[in-house]
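**Student:** What follows is a single structure, and I will ask about it in a moment.
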Amino acid sequence: MSLDGAVERREGSPAGNGNGNGPVMAPPARPTYGDRRLRLNPNTEHKPERYDDVQSEFDPAIFSSLERHLPPSMLEVPRDAKVQFMKEILTRYLPEGERNRVQRHKEYRHKLMMAYQPLHKELYNLHPSAFFVPSFLKAVNDNTEESFRNILSEPSPGIYTFAMLQPSFCELLLDEVENFEKWVNAVKFKIMRPNTMNKYGAVLDDFGLETMLNKLMEEFISPIARVFFPEVGGSTLDSHHGFVVEYGKDKDVELGFHVDDSEVTLNVCLGKDFSGGELFFRGVRCDKHVNTETQPEEILDYSHVPGQAVLHRGRHRHGARPTTSGHRINMLLWCRSSVFREMKKYQKDFSSWCGECQREKKERQRQSLAATKMAFLKGSCLSPRLTFDLSKESDYTGVMSEKFRRKISVNWRNATKESVATSIQTHLRWKRPGNVGAKFDLFGYGERLLCIVLIEVSTVGAEF
């Protein structure tokens with residue numbers, strides 16, 4: 001992989017042959033590797049083609065999403081050539097066993113959708129004004145950070161809550177899920193559950209809602225994720241896993257501590273009447289630190305409200321407390337970025353989003369600062385000198401004379417190199433102009449002042 005995150009093509013497509021009606025023409029010169037690298041960031045101005053009719057083990061939405069990352073030289077070629085090019089890339093990164101699993105799931109989904117008859121067909125196409133509350137719709141239409149912040153609450157860093165779904169939409173979706181489950185039980189159809197942790201619930205994508213949910217992600221969640229979660233692939237979301245989970249009597253009771261298989265998670269409560277079931281959050285972690293301790297500032301408990309959404313990083317550790325009464329159903333959309341997942345393979349430092357990586361980085365910086373300070377204090381060979389260590393109050397109150405300290409109008413605890421230098425030059429009084437009485441060396445890290453070293457060149461004419 002090149003340094004800019006592009007994926008280089010390793011093998012070219014077979015050269016084309018003549019059609020037998022004349023001399024075989026030499027194929028056009030193949031683009032260089034540089035011309036066939038994927039773009040790191042999607043071309044948002046390019047409108048991808050549709051691939052619903054393509055027979056492949058890969059989801060059509062993957063092709064449409066990946067097309068935005070194609071190099072300019074590939075955007076003008078016929079669709080079949082694009083498909084072949086993208087298949088080569090996807091095959092290289094998807095093991096055969098996984099491809100077989102995907103193919104079996106595709107066949108399962110096709111069989112399911114052919115047999116199940118939807119109850120509310122209006123759910124299967126996105127109707128924004130009927131689905132969303134006006135405040136959410138306006139914020140997304142305005143599409144600015146300010147418009148998003150006007151509707152968002154952030155009870156803890158990186159966790160956003162907002163009113164999203166109309167009550168009528170929640171009722172329709174609950175009816176559809178209930179109808180689907182009745183049909184499943186009636187025909188004895190064995191369905192796949194949303195994940196390994198939930199024994200109840202259904203995958204919405206499996207019975208026809210995939211297109212609607214994909215549009216929900218692309219047009220309504222991605223604009224928000226692009227602003228608030230860019231460091232975890234929020235600007236390159238290209239696939240999803242949509243499902244509902246059910247809690248209550250004869251259903252799942254609680255959900256253990258975990259992270260999601262997503263970059264960004266949307267969690268919306270649909271209802272019904274219930275008590276308990278609070279979400280608890282315990283900080284964002286990378287794979288290496290997923291089981292590390294929780295810091296006090298990372299603790300948040302959140303109570304569900306029907307129609308209200310929670311948006312957070314998939315790596316934000318969380319769980320659900322027991323639903324003590326009633327019946328709670330939530331819709332979840334796990335939004336994923338194939339670009340971020342590929343880039344993550346080559347990274348070791350996740351301090352831009354992992355809480356524990358951030359703490360480790362700060363500790364390394366603190367140790368480096370301490371070592372730098374000690375080197376400054378011990379390394380100077382100039383003499384005589386007086387050193388004022390600003391991290392120790394006794395140093396600069398004991399060594400520096402009271403008269404001199406009164407002249408230096410500075411907040412020593414929060415001193416910067418610039419503020420101290422200005423104060424020293426302003427308040428030192430020389431009886432003989434031009435006769436340098438003292439020299440100060442100011443040492444620090446960035447703007448933060450660590451210590452002052454006073455090198456006495458001559459004290460003639462200097463007031464202390």
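Using N, Cα and C of the backbone, Cβ positions are placed for all residues, glycine too.
Annotations for this protein, taken from TrEMBL, read as follows:
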REGION    1-52  region 'Disordered'
COMPBIAS  1-12  compositional bias 'Basic and acidic residues'
COMPBIAS  33-52  compositional bias 'Basic and acidic residues'
DOMAIN    238-337  domain 'Fe2OG dioxygenase'
**Student:** Across the domain 'Fe2OG dioxygenase' (238-337), what does the pLDDT come to on average, as a whole number?
**Tutor:** 94
**Student:** Do you know the DSSP helix, strand and coil residue counts for the compositional bias 'Basic and acidic residues' (33-52)?
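**Tutor:** Helix, strand, coil within the compositional bias 'Basic and acidic residues' (33-52): 4 helix, 0 strand, 16 coil.
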**Student:** May I have the DSSP-based helix, strand and coil counts for the residues of the domain 'Fe2OG dioxygenase' (238-337)?
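**Tutor:** Counting residues by DSSP class gives 3 helix, 61 strand, 36 coil.
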